[in-house]
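As given in TrEMBL:
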SIGNAL    1-26  signal peptide
BINDING   S117, E187, H215  Mg(2+) binding site
BINDING   R338, D352  ATP binding site
Amino acid sequence: PLLHLYAAHVIVRLLQIAASFSSASCSIMNVFQDAVCTLNTLQTNASALEQVKRERGHPELQLQAMRGFLQRAGLKVDELDRLNIIHVTGTKGKGSTCAFTEQILRNYGFRTGFYSSPHLVQVRERIRINGQPIGKELFTKYFWQVYCRLEETKDAHGGSMPAYFRFLTILAFHIFLQEKVDLAVFEVGIGGAYDCTNIIRRPWVCGISSLGIDHTSILGDTIEKIAWQKGGIFKPGVPAFTVKQPDGPKKVLQERAEEIGCSLSVCPDLEEYQSEGSLRLGLAGHHQRSNASLALQLSHTWLQRHFLTGFSGVSPAPAFQPSPAMIKGLAETEWPGRNQTLKHGPVTYFLDGAHTTRSMQACVRWFNEIAPQHERNAGGPVVRVLLFNATGERDCGAMLKLLVPCFFDFAVFCPNITEAIATCNADQQNFNVSVENMLTRCLDNQQSWRVLNGQEEKPEAELLIGGGLALVAERHRDTLVFPCILSALQWISQGRDSVLSDPNKCVIPVKPSINAKAALLREAVNIHVLITGSLHLVGGALKHLDPALNS
């Protein structure tokens, strides 16, 4: 009896401990969500928005403001030198280049920091240590440390608080310093010269990936003007590398390097590296080869400086024998949402966050290479579906025109809203644009697609979604607009994706007449879905398609 009594006591105690852990877990989650919700207020902070407007005419003020915010957060610019930074910019491929570089150096055993944008599912993805998003407890702890310091000093500075991206950049600096990383890879936000990451004084090496036209209202309307902005991250005596560029921007980058006083080398083709057999890349797409070459040069130069004393910024040889750690790093690199394929039974998703015409060209090339491989193994009819959205000043018409030759059976458009029914999803809230504006943009994209395909507009509009959700019209059997990503995915998959059919997921009602149009999807052996046009769209889709990213 005493033994039984003791066993019962132990069981009760274990249950109490489990309950306390559960309570602590809920508490951590609540505090974390409070931090993210507070962070989101910086998206629409009135004084911050007014400040950004003022600075557009005087971009140099952006770096002055950043220095002030950094000081108010308790950091000094010269402290950032301790982070041994690799600084990377470009129009497309800069994130992939950073991912390759970080993976290579992590394979050498270094403790790495990695700052990138945007996030796909959770804001913590932007700040990574050893390849993993910063944990919720650490994010919350460091968030409030930085936020409270800025909040306490705002009255003495006209009530100003840093905008969303600036705050996250300061937070990344703080976290990497506190966590004592051996090196930090920083991806530029927009441009380079006046981007808030360019407060970095002494990076160890700089890189510029492929250049193209993007963010013209901020960076300029020619590729040469954009190249000037990107070259602004060069620093005196710090070696810099770029991939092969058109003659115009290449000349501008060379002039910037001479003006600033640094060496600039153009990376060789990946095939030129002295390797036994071809180098295998963990990221799909032919365009990743130039990103991988740039990453090899960046990591090689960083290692030279780390292991050799007296390094003076002399460029390494154009091509070299990659070490086993480098080869392994290239092969193991993962970067979700970029040329990513997810197979869920009969439904295969091809995800790529292409959002410029040049990156869309690369996306189409990748899709046209990989989709036929899957179709040959299908053993029956395959339906192709495009799920598209684009934001900001993007040239949607030009991107959609590139997608027309892919021969989609359905073109589906939706805003970057994960679910029409409100849930606790602070990580993906965007207060800078209204839902009405987003839906109007989708309807415009739908009409552009119809024009590009030579389809005449029906005079009447029919609501797709039941239950009182307005502003969603259907004008042709193969083009549809949905109010959120989940409703679009559920209609496309037609209950054939077990992940989307999870009973815990809310099923958004669709009118019977619209479900009737999906007979082709229900009868096909396989459904192939290309999700593109926006990294935010891809991130919202991955939230539903890859539940592990939510944890």
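Each residue's number is its place along the chain shown, starting with 1.
The backbone N, Cα and C atoms fix where each Cβ goes, glycine too.
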D352 (ATP binding site) versus E187 (Mg(2+) binding site) - Cα distance in angstrom: 19
Residue among the binding-site residues S117, E187, R338, D352 whose Cβ has the most other Cβ atoms within 10 Å: R338
Rounded distance in angstrom between the Cα atoms of R338 (ATP binding site) and S117 (Mg(2+) binding site): 13
S117 (Mg(2+) binding site) and D352 (ATP binding site), Cα-Cα, nearest whole angstrom: 15
